[in-house]
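Student: Could you have a look at this structure, given as structure tokens, before my questions?
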Amino acid sequence: MPEDKPAAGRRAFRSDVQGLRAVAVGLVLIYHAGVPWLGGGFVGVDVFFVISGYLITGHLAVGLAREGRVDLAAFWAKRARRILPASVATLLLSLVAAAIWMPPLALPAVFRDAAATALYVPNLLFAVQGTDYLAETSPSVFQQYWSLGVEEQFYLIWPIALMVAFAVGRRSRRSLIIFTFAIVLVSFAVCVLLTGSSQPWAFFSLPSRAWEFGIGGLIALVGDPLARRVSATARAALGWTGLLAIVSGGAFLSAELPFPGVVAILPVVGTALVILCGNDSRLGPARLLSIHPLQWIGKISYSLYLVHWPLIVIPAAAITPADLPIAVSVGLALLAVPLAYVLYRLVEEPGRRSRVFVEAGGRRTLLFVAASSAVIALISVVAIPAASARSLTSGDDAQAYEVSQSPRAADTVPANLKPSLWDAADDIPALYATGCHRDFESVDSKPCRFGSNESAPMVALFGDSHAAHWFPALKTLADAGTIRLETFTKSSCPSASVEILRDGSSYSECVRWRGAVIERLQSEPPALTVLSNMRSVDAIQGPPQDWDQGLGETITMLVPSQQVLVIADTPSMSTSPALCLSAHLNDASTCATQRSEALSSDSGLTNVRSAGGELLDLNDYLCDDQLCPAIIDDLLVYRDEHHLTAEFSRSMAPVFVKAIGQLLNRAAAPVVAPGK
């Protein structure tokens, strides 16, 4: 990603490659600014990967041909001088800015991510977080460093791999070509497989991205002789086709599509074609890519890539609860350009040329890099418990919560808040810890059962995580002997009979699991089935009205043998309430969301009663006529933007006693309130 300047014995400077850097960073900036017509701007990183593979492989191949080996210490030290000065400066400045302006509750995660970044493994951390179905986190301040983690891991492994291939292949260039081609094939297969099964790992890991570097490497190894066999006109056509492929990827791909996968071929091969076209074609895109503005942006592209992200995400986290308007995000992205130039002139370029590091030699430079990285990581790790120890209350107690359809919103964050802001994210239903809530891959339809009163009516809870967040309320009834309870809940899998997309692909595990649960409920019917789901029309394959129809179909399949109660979906807050409250301890109303915004006007529940079900809308307990508060009395209502805390869910048990009792009394199955 950083610019490589020509040196003796190296390839001539490629102004077209410099222009490609400008195109790549421009795509990323526009995408991160939230401009709607460039939903695939993330492909700019793929362009960077191909360029890096091309330059590094070409450099290593020249060295192997001349010396028969690579001076690893010198190679790694040179890469460190090019990458680390600007990277470390941005990391430290971002840490300071986050500590000043971000909500206190966000700081432990900031320091954790900083430690991973200092150790060059942020991509692995983000991959782990991406596979955690409980994660409901804001974007990391250091999210842009994932690609640097991939590149640094590539720089660590690739010279060793090429040396081994060169030695095994009897020191022939052909052995490098065969080895690189094999890496491309294997890595691409890994990429496609992981994109379908574990998309975060496909996106963030080197094994699934190595083929992109490898494509660039193949162009470095075979591009010149291949280009000589093609006419100038044909090369120009290929170059323009490649540039069009890159821009088309930025314009027409989106975060909803499974990526990287097969579709990553578009920007990757597009970049390879532009490089293959060469810098000397009068008809090709090189003339366009060589214009001064693109050359200037390309020169500072590395610093620009580093600084733009914290400049956007830190203000967005600080100005809660509203998201930044697109105009503001675009303005911040533009502001990143002069700041990047300052970083380039004062840090990046001097760091590359520093006599201290050049004269220190490879091994001493690497020792300094390792020591400084360890120090930054250690400071970040030590800062985590310090940040977590901060008191996040206003100091006053609030009155104990009482169930009411006129919720009393708290003015401040009370000292007796349950759960505390620090504990909010972990205040989840016990279904998760016991494995009763099925994760994305599971299709196990066997229920978990609760309650020992064999004479009590059986109630089934069926739906996604918005069904699971009502489990603490229903389990309170089961523990009291009021009901017996069986649970059927699965992440992002509604009980409505609709086709769901997950990471851009059909969520087949959901279809299989839901079908099996419905069959079980039909063959072993409970007295009552409670359906609850997050209605996300963006995730269904089809028009929004398919949700109404799908929910009606599920009810119709169940009502012949059991009562069906559908709970209206709960509010979706405009930001994480706990994060917002940590920054507004004395003004909790700042973190409330307008009722009209939190609750969809189209609830998707129009077919409930006509299909034979009953509707339970609890949102008057969560919102008044105007606002949905984050705190009611002494209870924190939400653990994230749209899931209830277990504490608040338990407090709603009396409401469920009444609602379930009314329904089952019709079927002569009386429900007795706890303690009666």
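Backbone N, Cα and C atoms are what each Cβ position is placed from, and that goes for glycine too.
Please treat TrEMBL annotations as automatic predictions, because they have not gone through curation.
Since this is a predicted model, take the numbers as computed values, not measurements.
Pulled from TrEMBL, these are the listed features:
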- 17-345: domain 'Acyltransferase 3' (DOMAIN)
- 20-39: transmembrane segment (TRANSMEM)
- 45-62: transmembrane segment (TRANSMEM)
- 83-102: transmembrane segment (TRANSMEM)
- 153-169: transmembrane segment (TRANSMEM)
- 176-195: transmembrane segment (TRANSMEM)
- 201-222: transmembrane segment (TRANSMEM)
- 234-253: transmembrane segment (TRANSMEM)
- 259-279: transmembrane segment (TRANSMEM)
- 300-320: transmembrane segment (TRANSMEM)
- 326-344: transmembrane segment (TRANSMEM)
- 365-387: transmembrane segment (TRANSMEM)
- 436-657: domain 'SGNH' (DOMAIN)
Student: Pairs of Cβ atoms less than 8 Å apart decide it: which stretch in 45-62, 153-169, 300-320 has the most with the transmembrane segment (201-222)?
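Tutor: Counting Cβ pairs under 8 Å, the winner is 45-62.
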Student: Looking only at residues six or more beyond either end of the transmembrane segment (259-279), which have a C-beta under 8 A from one in the stretch?
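Tutor: Hits for the transmembrane segment (259-279): 12, 14-17, 20, 42-44, 46-47, 49-51, 54, 191-192, 195-196, 199, 202-203, 208-209, 211-212, 215-216, 218-219, 223, 226-227, 235-236, 238-239, 241-246, 248-250, 253, 285-286, 289-290, 504.
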Student: Using Cβ atoms and a strict cutoff of less than 8 Å, what residues sit near the transmembrane segment (83-102) while being 6 or more residues removed from its termini?
Tutor: 1-2, 110-111, 114, 117-118, 141-142, 145, 148, 151-152, 302-303, 306-307, 310, 314-315, 317-318, 343-344, 347-348, 350-352, 354, 369, 372, 376, 380, 583
Student: Give me the stretch from 45-62, 300-320, 365-387 with the greatest number of Cβ pairs under 8 Å to the transmembrane segment (176-195).
Tutor: 45-62
Student: Mean pLDDT over the domain 'SGNH' (436-657): what is the value?
Tutor: 92
Student: Apart from its near flanks, which chain residues at least 6 from the ends of the transmembrane segment (300-320) lie with a Cβ under 8 angstroms of it?
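Tutor: Counting only partners 6 or more residues beyond its ends, the transmembrane segment (300-320) has Cβ contacts under 8 Å with 1-3, 21-22, 24-25, 28-29, 32-33, 48, 83, 86-87, 90, 93-94, 97-98, 101-103, 106, 138-144, 328-329, 332-333, 335-337, 339-341, 343-344, 347-348, 575, 579-580, 583-584, 590-591.
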Student: Looking only at the recorded stretches 20-39, 45-62, 234-253, 365-387, which one has the largest tally of CB-CB distances under 8 Å to the transmembrane segment (326-344)?
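Tutor: The listed stretch sharing the most Cβ pairs with the transmembrane segment (326-344) is 20-39.
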Student: Can you name the far-off residues of the same chain, 6+ from the ends of the transmembrane segment (234-253), with a Cβ under 8 Å from a Cβ of it?
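Tutor: 20, 23-24, 27, 30-31, 37-44, 46-47, 227, 259, 263, 266-267, 269-274, 276-278, 281-286, 288-289.
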